[in-house]
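The structure under discussion appears below in the form of structure tokens.
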Amino acid sequence: MPDHLFNEWLRFLNVDDGGHDHLMDQWKEIEKRFDRLAVTSNGSDQHVVKWSDFDFCIGMKQSPEFAKELMRALRGIGKDPKNYVTKGELYSYWLRLNDPCYDSRIKIFFDLCDRNMDGKISDIEVKESILLSASTNKLSMSHEEAEDYASLVMEFLDKEKRGYIEISEFETLFRISLAKGPLSANRSRMPRNSFPNSAYETFEEPSSKAEILFRSHWRRGWIVLLWLAICVVLFTWKFIQYRHRTAFEVMGYCLSTAKGAAETLKFNMALVLLPVCRNTITWLRNNRRVNSVIPFNDNINFHKLIAGGIVVGVILHGGTHLACDFPRISSSDTSIFQQTIAAGFGYHQPSYLEILATTEVATGIVMVILMAIAFSLATKWPRRQSPSLPRSVRHVTGYNTFWYSHHLFIPVYALLIIHSMFLFLTDNVAEKTTWMYIAIPMVIYAAERILRAIRSGCFEVQILKVHPFSLTSGPEDEYLSVHIRTLGDWSYQIYNLFQERTLSGAKEYPKIYIDGPYGAASQDHVKYDMVVLIGLGIGATPFISILKDVVNGIKKEQGNNHNGCRLRKGPNKAYLYWVTREQSSFDWFRDIMKETSKSDQKQSVVEVHNFLTSIYQEGDVRSAFISAIQALHYAKHGVDIISRTPVRTHFARPNWFSVFSKLAWRHRGAKIGIH
């Protein structure tokens, strides 16, 4: 194997391929960090930093223990154990860490593992190095597991049973990670996106970017354009209508603007309810013609867009009234007021405060306050309950706060009806049309919420609270299964309730009431020849059901098809890319992964790729030991040491450009769906 390939897999510092100039830029950055912390040493004018600051200087602040051991390896044995580092020493260490020579890099890494620097690595030192690498990469590993892996390493490298390994044997451990022989049999299962290959990085695009954008977003586009067109038409209609009213003489274009915005508000306050009517959307989604032209998968995004339209309408309507219309009414010429709009005010010209005290304005102001609260708590930051926030702040953040604050819409709609019944400048009931806009959407939404409350929940935990979950059972399974991550109070209560019944051996379990299943974007997988499923954390749950459906469907077809013709409609290949930042997440679907691997041993139908982002990317020296042991353990036992399943784990985040490019190249001409 060429040394330059090995060096790519044993990097001490994160250096992009930028040549000498880039290396010097890196040194300038390290030098800048050194100067920031440097102090003058005792007895000399030399600037130094503490040994403990070495990690910060070289960019390993997040791995202080590893940096400490690396510093020990660089200093070597027999050196005066100083507790500081000079700039000259730091520069020499930096040169060694970036030395492209293979022998130099392997020697540094060998010394990193050789704690007593005697030129030999014992099984105890191997174990300590494994534990160091595991803790650096935030992996859960017991001392017993580390001992087992150390024994595996010694068994593989110490052929003569001497009880230690030397540098010539040590390098073999890391070469197996790149080998293409039996020790990395799983690499034949991985798509070529796991390794850089320029032949697959680029290929001729079949379509222009404009065509791709149109084909990807045309359904969203026409819906948004239709919505905008309706808003513009309604605004223009009311604007022109009030342009010819007598009240225009007092308030001018402020009146027309406020009334035009009010008409769009009526429409949007009605429309905003429909995208969250899940049962109705599921029913409409089942109609292929409707589903082919309306992007039901973007229902929440459309809900947010309409909410944005409501914000604009409120600013125009309320702001124009408060800042322009009401001051003009209270300060207009008395004669003009009496000739135009006096009848609407009982022939009394009100002051600004008197206008604010009216039912119309008071209800409007309260509505704006309630909507501002709901809108603010629905934004991204309040919905994320960060553990780093003070406890007092955490009580008013998170999903529950968003959910309950969103129910302020109930008094908002009640106030909206009252507000619309007490219109200024008209007593004509035919012009009080707000109820006509919102009646049907409110009935549909209320009916859905009532049905959902009756049909779903676990009443032994809470009567009123319900939670949405994704099915992980396949359509052909004779049971329904869900995976629930215990995070909040409700999920903990559910877990404890079932745990108590299970441990006590009770024959009766709590009753679960289920409403649904609702439609989801992933149910469209049957329209494609290949599907690529991308799940982040617990978000991978709906894809488990799809994987089962794909595997079971192909098995069923193979069992019933004897003439080689394809009988079923649906994908014949599925890729699951599961990205998570916690190793414990693999426990959620361990049994399912084992089941999938067992039913599709050649991965001819399903390819599962786990990515653990807490591990440093392959090639980083901090993950090199884990990578080598992973390959060695998989070769012998067929089980990944990280996920503890037959599915091998990749390190860090996927290179999505590379993934999509190679999948497109591999399945040229196929219709690929990405969920």
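Just so you know, glycine gets a Cβ as well, placed from its N, Cα and C.
Features as listed in TrEMBL:
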- 101-136: domain 'EF-hand' (DOMAIN)
- 145-180: domain 'EF-hand' (DOMAIN)
- 222-240: transmembrane segment (TRANSMEM)
- 348-524: domain 'FAD-binding FR-type' (DOMAIN)
- 361-381: transmembrane segment (TRANSMEM)
- 402-422: transmembrane segment (TRANSMEM)
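Among residues of the same chain six or more beyond the transmembrane segment (402-422), those with a C-beta under 8 A of the stretch's C-beta atoms are 266, 269, 358-360, 363-364, 366-367, 370-371, 373-374, 377-378, 382-383, 432-435, 438, 442. The stretches the domain 'EF-hand' (145-180) and the domain 'FAD-binding FR-type' (348-524) are not in mutual contact, being linked by fewer than three Cβ pairs under 8 Å (pairs 6 or more apart in sequence).
Within the same chain, residues 3, 6-7, 10, 12, 63, 65-66, 69-70, 72-74, 76-77, 143, 146-147, 149-151, 153-154, 163-167, 170-171, 174, 616, 621-626, 629 sit at least 6 positions outside the domain 'EF-hand' (101-136) and bring their C-beta atoms closer than 8 Å to a C-beta of that stretch.
Residues 307, 310-311, 314, 318, 321, 326, 355, 397, 401-402, 405-406, 408-409, 411-412, 415-416, 418-419, 422 of the same chain sit 6 or more residues outside the transmembrane segment (361-381) yet have a Cβ under 8 Å from a Cβ within it. For the domain 'EF-hand' (101-136), the model gives a mean pLDDT of 87. Taken through DSSP, the domain 'EF-hand' (101-136) splits into 26 helix, 2 strand, 8 coil.
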